[in-house]
Each structure stands twice: as C-alpha cells, then as structure tokens.
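Under the heading domain 'BTB', Swiss-Prot lists 45-112. Look at Swiss-Prot and you will find 147-249 tagged as domain 'BACK'. The repeat 'Kelch 1' annotation in Swiss-Prot covers 294-343. Feature annotation from Swiss-Prot assigns repeat 'Kelch 2' to 344-395. What Swiss-Prot lists as repeat 'Kelch 3' is 396-442. The repeat 'Kelch 4' feature in Swiss-Prot is assigned to 444-491. The repeat 'Kelch 5' annotation in Swiss-Prot covers 492-544. Feature annotation from Swiss-Prot assigns repeat 'Kelch 6' to 545-593.
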Amino acid sequence: MEASKQMRVSRPYKISESSKVYHWPGHSTTVLQRLNEQRLHGLFCDVVLVVEEQQVPAHRNLLAVCSDYFNSMFTLGMREAFQKEVELVGTSYVGLKAVVDFLYSSELELDGSNIDYILETAHLLQIWTVVDFCCEYLEQEVSEDNYLYLQELASIYSLKRLDAFIDSFVLNHFSTLSFTPDFLQTVSVQKLCIYLSSGQVQHTWEYDLLQAALQWLTQQPEREVHTCRVLENIRFPLFPEDILLQRVKLAMCSLLPSEANGEGFVEEAMHYHNSLVAQPVLQTKRTLLRSEECLLFVGGEVSERCLELSDDTCYLDTKNEQWVKETSLPARRSHHCVAVLGGFIFVAGGSFSRDNGGNAASNLLYRYDPRRKQWIKVASMNQRRVDFYLASIEDMLVAVGGRNENGALSSVETYSPKTNSWTYVAGLPRFTYGHAGTIYKDFVYISGGHDYQIGPYRKNLLCYDHRTDVWEERRPMTTARGWHSMCSLGDSIYSIGGSDDHMESMERFDVLGVEAYSPQCNQWTRVAPLLQANSESGVAVWQGRIYILGGYSWESTAFSRAVQVYDREANRWSRGPDLPNAIAGVSACVCALNPRLEEKKKKNKDKRQDRGQ
C-alpha cells in the first residue's frame, strides 16, 4: 500500500472530470478465440459431451449462452447440471462436433455429406442460427430431383423458411412437376390445395390446373373423398361456356365417379356466365384471375390535334418500364370516370368531343371484363355527366356531381349490377363540378371544385355515408382547388395539385401543393408538393404509392405525359415511366389483368431461364 502511494505523481493542475467511454472492437472475437484455444488444449473445460462413444469437451457457460437446450439443462436443476460427462441422444458425433466448433469459431462448413447431421443436431440443441444456415444452404440445392425429399425434411424439423421456399419452387415449376409420377404419388392433399389455390402458380391456362387436379385424384381410389376439397381450388368460371360444357364437364365425367359431385362446380360456373350483368357482385375465390394487379390509364384528351380523344386502355409493364395497350374503349372519351368493382373496369360518362364544357357530356356506362377481354354496355346514368367523380363502394357505383349541357350538377346516383339500374340518392348541398373524390373505409369523400359562379374554387370537404344516405361537411382544405386529384393511402386522404383562379384577375394558376387529411383527427397537413402541374390528371394508388398520370398546366397551357410517383414514407415525389402521349382528362385505376397466352408462355420461359434451367 505504501509503495503504491509512492508511485503516484502529484498533478501540477486539475484534470477534467468529464468522462469518455472507450470501445475495444475486437474484444468479443479475441475472447472467443482464447476460449477456443483453451478448449483445444483441454484447459478449464467443465463438461464433456458424449455421443456415439466419442467425446466433445466444452465450457458450460458458452454452451448455455448459445443454446436454449443447454441453458435449460444447466440452470433448471437437471442432473446433467452436476455431471462431468453429459451423454446426448438423438444426434451424431459429426453433427455435434461441427456445431460445437461453430460456437467457438463462428464458422460453419456445410456440404452434402454433413448437412443432415448438422441440421439434426442444431435443431435438437435449439441453435437457430445454425438451422438458418442449413436452410440457406438447402435453398440453393433445391431441384426437380430432390424437392420432395427436402420438403419432407422441412416438415420433420418444422423449417417454415425452407418449406416456403420449396412451395415457391413448386409454384414456379408447376406445369412441369405436376404431371411427374413422383409428384402425383407423393404430394399431400394439403400441399396440392395450396398450389392450386395460389395466384402465383405457373400455368398456361386454367385447364392445365384442372388436368393436374384430376390426375392426382385418380392416382389412388382413396383420394376420391378429397374431390371437392381439391376441385374447389379450380377457377371454373374462368373457362368460357363452350369449354365448360365440351371439355371440362366431359373430362370430369370420364375420370371421376358420379358420387364425387364434381359437376356442381360446372353448374356454379354456368350460373355465373348466365348472370352476365351481375357478375361484379357474384365474385368468389374461383372468379379471381391468377395474376397481379396492374396500373392502367383509360382514354383522355391528347395534345396532338390529329389524335383528339383517345380510346387507349394501357397498363404499365414494370419489367420493361413501358406502357402496353390492353384494349380499346368502345368510344373515345375524356374527362370521364373509371372505377373497379369486383375485378371489372367501369367507364362512365365523360366528353365525346374536345369541347368538354358540358355540351358533349355522356351518360353511357361501359364495363370491361379482363378475364375475357370483353367490353359490354350496361345501364346508362340518369344524367349526362362530365368532370364528375365515380366511386366503387361495396356492391355499387356512386356518381357524384359534374356538369352537362344544363350546367353544374348537384345530383348523386348509384348503380347496382344486381338490377342493372341507376337510382338517385341524397344530392350534394350545392352544384359541383371539377371536384375530386376518393373512398376511405366505405365513406365517399369529395373536395374542391366549382359551381359556375364567378369566383375562386372551393376548399370544402364533404363526406357521404351510403348507409344513412347523408352528406356531411368536414374540415376544409387549406388550399382551394379544382381539377385536382384525390386518393386514400394508409390512414390518410390526399388532395393533390389542381388549379385555382386569382380573385382579382380571375386568371387561372396551377396549384402544386399537396395536403393529407386525417379522418380520425379531422385535420389537414401539408406534404411534399408535386414536381409539376397536374390538372385533369389520372390518379391511382398502386403497390403502396400514389401515381399521378398526365395532366394539364394552365400557366404554360401544355399537356403532360409525365408520371409522378409519391412515396409516403420518404415524403417525396419522383418520376415514373412517361405516358405514350401528353394527355389530360385521363382516368387511372388498378385492376388484375389476364395475360395473353403468348405473354404467359414468355413469362414461364423467362422464369426457367432466370433459374438456369
């Protein structure tokens, strides 16, 4: 003690009392390396693991830290906690040594000769990092020759990650695998139903899936009891009527016994086809297309005089970042409205000439079925409408306001596919056109617009409850606007861009501002402004982002072909793939489309090439 006092040096001045923390980056690595050196030299090891009459020395502390199995063994009063040697059952020396080596070195070498042993041991000892490494290794090894074995392995060890990967593999190769003897003999009814019910299953057309189902059912007599369970995953309404009666029904009758009751699915599909107009409200899981939703634009007024109004309906091909024509409208339209109900695209009203002041307003309603790529004309609206809003809510459409040859409208009417008719409901409190609207939790919201009176556009926000047939005022926007866009994303309603008139000069100017409304708080908040003007543009929410398509600038009197994309998380606008033409008065929507046969074949070929097969 005296010596230590003599070693101290007196301070000529005071040292700061502030503290600083120092970090040794390689500390944990060094500790692990030293522990491994001790283990290899037999130093301080306090337990010996015994398996297959071979010994693996280790440190209890490290085993307990890395393994829930050993932690329970050494801390819950089991007899192994006091034994020098602990014998393990249900594992192998190869697996145990590799896993213990990993705990000390953080390195794991996997190959075809040891993967089974290591996975078995890691699962027993509950060392989930090693289990994940094994899954990652096996995922790279999945092939048409071993996927069934690996699927069984995933089932034995409850490896959800590997099981999901193999399911994805089967879905991507279903047209090849589903007719192989191994698949037909081995795949369980549970797995078959998962594959047949998926929207991602590889197939050229629905008949391929029906054949796979019938082949599986007829492999073994005892599978007859699963007929309804399997066939309920085949989307019979997607077959045309002639195919249903001539091929589908014939195939089922020839392969299945009459008591299997397979014909009920054909009858259900025929009822669907015979109820043509009501199909949007007859949707079940069997009427849905097996495809992802696409972003589309419909019609509009193009800037090139020679083109005038457009009849294009195009979707965005994300792989090639270009717009591809899906179909042509039955009639050219601009400043119309589009809504999707039951997977059908409805196009209502709009102008049939470049003079869209209301004199050329239409009351026609067309419906597009992406399943059959077919347009039909259904019941017309009671009033001609242009510059209005069309909502899809529950099992009906709602047309709100607008204008026609008689001026601005306050009327609101609903369309029922069940009756193929329009019915007036509670009207707006005032004449309104050039407004925007959206749906939020089964309520219709509209904002802004004009009423032909002299003065600027409105700030008001209205909410319609179709259950009570009542319109109510909500907190107005911070910015007056018309010809703008509205949409719902997450828990907010967005009011986007548009234009307004100066109070003094009545000159039109562009509004680039964007604001978000919270229905819960009844409050507006400004968010990032648009990159450029967007009056009379199309709007849709797709894959968690807002898309603004085309539009018009009143200040530069120019049409736009720009696509503006809003990322809510980043609160930022960016540019998407340009439209084929500069266009305004366009509508947009999101809907699942039925790829053409040649597109499906190309997609299946691309999948095989991507996997090097």
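For all residues, glycine too, the Cβ spot is worked out from N, Cα and C.
Owing to the predicted nature of the structure, the values given are computational and were not obtained by experimental measurement.
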Report summary line: Checked against DSSP, the composition of the repeat 'Kelch 3' (396-442) is 0 helix, 27 strand, 20 coil
Query raised in the report: Across the repeat 'Kelch 1' (294-343), what is the average pLDDT of the model, as a whole number?
Result: 93
Query raised in the report: Tally of helix, strand and coil residues over the repeat 'Kelch 2' (344-395) according to DSSP?
Result: 0 helix, 25 strand, 27 coil
